[in-house]
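Undergrad: Mind looking over this structure? Questions follow.
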């Protein structure tokens, strides 16, 4: 690990609808401890001295973003949300280029509904990847026994978990390399669910940096309830 952390840009794709939450609004705008999930997800970056700027990708008809206090922060720029996550991130990278970012600059992509990122995890990621030739991501080793299912919903095998990790965010890559990888995936109709997948498809191996298991992504109602109870206990 190094003492001087590298400067970085952050990208938050926030154009999704979060259908599994069955809420009255996209999940990134649900409330947690007086702020939206998106605001909490931004806070860890906005409070970091090495931040150069943030791009948030939002849906064209998003009625919620303009009402957030952080929407007027001069460090935050907006990009058009796309049909898929990869489209939204690629649009954000184009905005970074327009802001003068270089291909060699580090970009950290973070989920809009992952509000519990610890500053210590962010610093660890920046420190451990500062000189890495590829980049990498926060991740957590699998803890539970994993089962592979057949087409009838029955167990077909028990998976060796010793080499299995859960991919978290932020995911940290050089701007130019990430731009090329995502663009190539879109042209080739390759479906990627995170930025590391695109880098992998380009033939590179991202590094896994172990983070905290409580850096969860809110996907279902019980995730948000768990965070509310946890945060209430901190007060």
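A Cβ is built for glycine as well, from the same backbone N, Cα and C atoms used for every other residue.
The site 'Transition state stabilizer' annotation in Swiss-Prot covers 20, 27. Summarising the annotation, Swiss-Prot assigns site 'Positions MEP for the nucleophilic attack' to 161, 217 and lists sequence analysis as the type of evidence.
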Undergrad: Look at the recorded sites 20, 27, 161, 217 and tell me which residue has the greatest number of other C-beta atoms within 10 angstroms of its C-beta.
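TA: Neighbour-count leader: 27.
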Undergrad: Cα within 10 Å of residue 20 (site 'Transition state stabilizer'): which of the recorded sites 27, 161, 217 qualify?
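TA: Cα within 10 Å of residue 20 (site 'Transition state stabilizer'): 27.
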Undergrad: About how far apart, in whole Å, are the alpha carbons (Cα) of residue 217 (site 'Positions MEP for the nucleophilic attack') and residue 161 (site 'Positions MEP for the nucleophilic attack')?
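TA: Cα-Cα, rounded: 21 Å.
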Undergrad: So, three-state DSSP: helix, strand or coil for residue 217 (site 'Positions MEP for the nucleophilic attack')?
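TA: DSSP call for residue 217 (site 'Positions MEP for the nucleophilic attack'): coil, neither helix nor strand.
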Undergrad: Taking only the Cα atoms, work out how far residue 161 (site 'Positions MEP for the nucleophilic attack') lies from residue 27 (site 'Transition state stabilizer'), in Å, as a whole number.
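TA: With distance taken Cα to Cα, residue 27 (site 'Transition state stabilizer') is 30 Å from residue 161 (site 'Positions MEP for the nucleophilic attack').
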